[in-house]
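Encoded as structure tokens, the structure appears first; notes follow it.
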């Protein structure tokens, strides 16, 4: 019971009775008090709404309050006492007799009458401009039509009052148009009424043509900008497509341009990169001027490597070869980079009517082997040919993914060649440190300026032996065969330095070293004469070395294994870097135990003079400097300066300690700075730019994928590889014989001579000598570059 003697329910009923219409009439005093209270609380403006409230309105309000109370009481029960609703928390803080329920006023609806006609027109025009490409032109035409129509009607009314004026409605419209189109027409009007109509039309016409010129100028500029951005499709066939813009792109384009120099029909080079087209064109033009391209057309397009639209825009299905570059960087994970390359290759493989050979550059040699193993496993379930079996190598022994247009492996239609070109660059670095002469030979064979590997079919050689073919070329050196017949998996066998009695069959292609495609032809065969009784022993040259290796790289074991193959047993390698002990042990454990090298770990900063001078620098006969890893944000010149500074510290300390004859070879990131190159020559005996070497390898594969198998074998430690040999292995000291005679003696021991350094011929290295019949005197100091079959 309440204080007034009534219960809560009775008081509610009493309140309801007092709030109804009948109560208002029966109790006007109470009604007036309520109205005064409403005016004080809500104001006079809202008091009218209060007066219009009916019993139904009050019922709705009470129902909403009841629902709110029920929900607020149910929330704590469902939540188990945790996370209580704010409304329920407020009810618990007051007496059970009163419940405070905050009611949020509904948002006011915006009155459409507040929007002006101008605002609505601007809004509609804005939407029209953003959705219709011809909106500006259309609106300009509409305004011109309205101007001409209104002006024609006004001119007609004025001319009709003139006794001498024309009464034709069509003539009035024509006069109105002439006022708009020609500003000087209004000068011929003879009455002020006509002039009042003509002058505004003339001013409107001037504005019309000003806007028209602006629209035309914008359209032309937009079209020119679109052409500069390369929005059009590339209309080329049998071109070379380079996918990716990396530091190797420009050297690759340069190498491909050199390869095009001797061709009658130049191959177009198309570059697809994510960089802005204007920036790519500027960098290409700065590094390779048009005059230095040898007539090669270079086209760039901006796009994504995995976008089918961008690949079609580059006419990927019409290319003869596609090079997918690895976006390697110092801060990127090699495995992730290789996954991106593989994904791009899979997208290319699914392009319809695509018959190009795909050269895929991988960052890690191990991932190339993993890809081979995957295809060996899936070959029985996939129409794609399996990758070849073989040892680890930079270039696969035989290209993979060879299939015809129907997915079968019967015709030579396209291949995918996975390659770790960085391994070839590491070999070149080792050759320059331990075998500079061999590095010279390899460098010349990789470039297109002098001698290079070429495949060509000669029908006149069918039925002849390989030994006979060797002596039929005066301007080239045959060194292998590519068989015509195909294995079960579509692979063609490539023989480097085959047996002399190997018979050349129809469809076989002869591998030669020559200076150009049209510089050699087979001539009369020369029968090998008697070699004589000379059978000297052949020894593989392995220099002993104590080498200092400064720096660190991810594939350090691959570099050490190359040193292990060339160096003599007992050679020492002292490794100095800031790499942790765990990283060193983990890397050295990735391969088998080294046979010839003794490894000593040194911890220090190669860029610190104090750390370097603490080493016995006078004891080293060779030093290899590895460049620091850096992302694309790192300036390559700064990295090269750091490497050159290390070489300067080492050279200065060695000269002070009495060892000025040490060979220092460095790995540099850029070799295009003339001033820096002069400084480098003062401290370095030689250097390589890995990106340039890798670009030349990729260019050779882009020209002919079969060259990949040749490069793989000649730089490996199995099969017929490239080696240095003393001339005394085939001739007696002081003996005078020609190059052909020297070749006969070498072939008797299953070797092929590719070049020599002869003191009588000037002491310079010569590959594929031009005068093979000329007699030369040979000494013990003369050396040869040979393809041998091992000892």
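Even glycines carry a Cβ here, placed using N, Cα and C.
Those TrEMBL annotations? Automatic predictions, nothing curated.
Quantities reported herein were computed from a predicted structural model and do not represent experimental measurements.
The domain 'RCK N-terminal' annotation in TrEMBL covers 237-383. Feature annotation from TrEMBL assigns domain 'RCK C-terminal' to 438-528. According to TrEMBL, the feature region 'Disordered' maps to 1-28, 389-413. The feature transmembrane segment is assigned by TrEMBL to 58-77, 138-158, 196-216.
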Helix, strand and coil totals (DSSP H, G, I; E, B; other) for the domain 'RCK C-terminal' (438-528):
17 helix, 28 strand, 46 coil
What are the DSSP helix, strand and coil residue counts for the domain 'RCK N-terminal' (237-383)?
64 helix, 23 strand, 60 coil
Averaged over the domain 'RCK N-terminal' (237-383), what pLDDT does the predicted model reach?
84
Any residues 6+ beyond the ends of the transmembrane segment (138-158) with a Cβ under 8 Å from its own?
125, 128, 132, 165, 169, 172-173, 175-177, 179-180, 191, 193-194, 196-198, 200-201, 204-205, 208, 211-212, 215
